Amino acid sequence: MSKGINSRKVAVIGTGFVGSSSAFALMESGLFTEMVLIDADKNRAEGEALDISHGLPFARPMKIAAGDYDDIVDAAIIVVTAGAGQKPGETRLDLVKKNVAIFKSIIPEIAKRNCKGILLIVANPVDILTQVAVKLSGFPENRVFGSGTTLDSARLKYLLGEHLQVDARSVHAWIIGEHGDSEIVAWSSANVSGVPISEFCEMRGYTKHDEHMEEIAQGVKNSAYKIIEKKKATYYGVAMAVRRICEAIIRDEKSVLPVSSIQHDTYGIEGVTLSMPAIVGKDGIEKQVKIKLNEKEQEALKKSAGALKKVLADLDI
Ligand SMILES: NC(=O)c1ccc[n+]([C@@H]2O[C@H](COP(=O)([O-])OP(=O)(O)OC[C@H]3O[C@@H](n4cnc5c(N)ncnc54)[C@H](O)[C@@H]3O)[C@@H](O)[C@H]2O)c1
């Protein structure tokens, strides 16, 4: 972490559903003593700051206030959730133009103050916006990354845990690639506490692997659509993912998390932002961990990168 950084300070830009739930989760985490909330709608940020502060007597003391960009220069982490959300039936990629325009008003404000903290991008489409944030900020790539498929991987673990009647935390499985329709389950490395997933399934009496794998992969992919259809937005799951990533950074845990960053020499993919597990610590991404993929997964990953590359090529950044 650079000099001039307050490692106990976090900023959240965008205090809609995702920003406010993330701020609430961060308050509860006890990781920070100071939190600044910024939103284009200042009243919203002020209201959330007050509401969340009223929970402090049940948690740990900290200062939570609505603020401006001048207030976040020394923040260790700047979480960017500002942007329109998906409407029912809309894909994450449909959001791209609206949210790139919003990023053009936010990221330069951070860059011109030469903030030294880590930019954690959450707004969608998160892979594209992470790449846009790297470009607009000029910050080193390790310091600008997206929550990526951290949420999707949690959904996968949850569904596998339910299916196999085992604690989701004992399931080790990754969703990689785009946080979106072309995401991939890395089945070949999935396991439950070291037992390959298909062996564990058999232990639990399941033998129709292909059918169940497809069902679970679709379940993860359609989670957001399903929730948006029912309650218009998703936010609690992602808030926990934000909390987990912040924890890995602030505590310098060197945790391996499936975050989104510009890939270099990843199964032939170069210069495209997508999710691959990476070691996350106090300086952000320490190292991308190129997990072993079978041929089918490699092909799917290249396809995912190709889809993202096409969107990037159309952007005016
Ligand atoms: N990465 C993930 O896993 C994940 C999960 C869920 C949602 N999301 C994404 O998070 C984003 C936010 O979703 P939401 O449901 O909170 O939306 P929301 O509409 O509730 O909130 C967006 C907030 O951003 C603010 N905003 C807009 N332009 C701004 C600007 N220039 N500066 C500061 N604030 C600005 C708005 O005033 C609003 O309060 C969406 O893009 C959504 O798709 C990501």
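Backbone N, Cα and C atoms are what each Cβ position is placed from, and that goes for glycine too.
The model shown is predicted, which means the values in this text are computed figures rather than measured ones.
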Co-listed substrate-binding residue [TrEMBL; alongside Arg92, Asn124, Pro125, Val126, Asp127, Asp152, Ser153, Ala154, Arg155, Thr234] among Gln86, Gln165: Gln86
Site co-member for NAD(+) according to TrEMBL, given Val18, Asp39, Arg44, Tyr69, Gly83, Ala84, Ser105, Val122, Ala123, Asn124, out of Ser147, Ser170, Ser182: Ser147
Nearest of the recorded positions (Gln86, Asn124, Lys157, His172, Tyr225) to Ser147 (NAD(+) binding site), judged by Cα-Cα distance: Asn124
Model confidence over the domain 'Lactate/malate dehydrogenase C-terminal' (149-313) (mean pLDDT, whole number): 96
Other CB atoms, at most 10 A from the CB of Ala154 (substrate binding site): 20
Those binding-site residues in Gly83, Val126, Ser147, Ala154 whose CB falls under 6 A of ligand 1, listed in sequence order: Gly83, Val126, Ser147
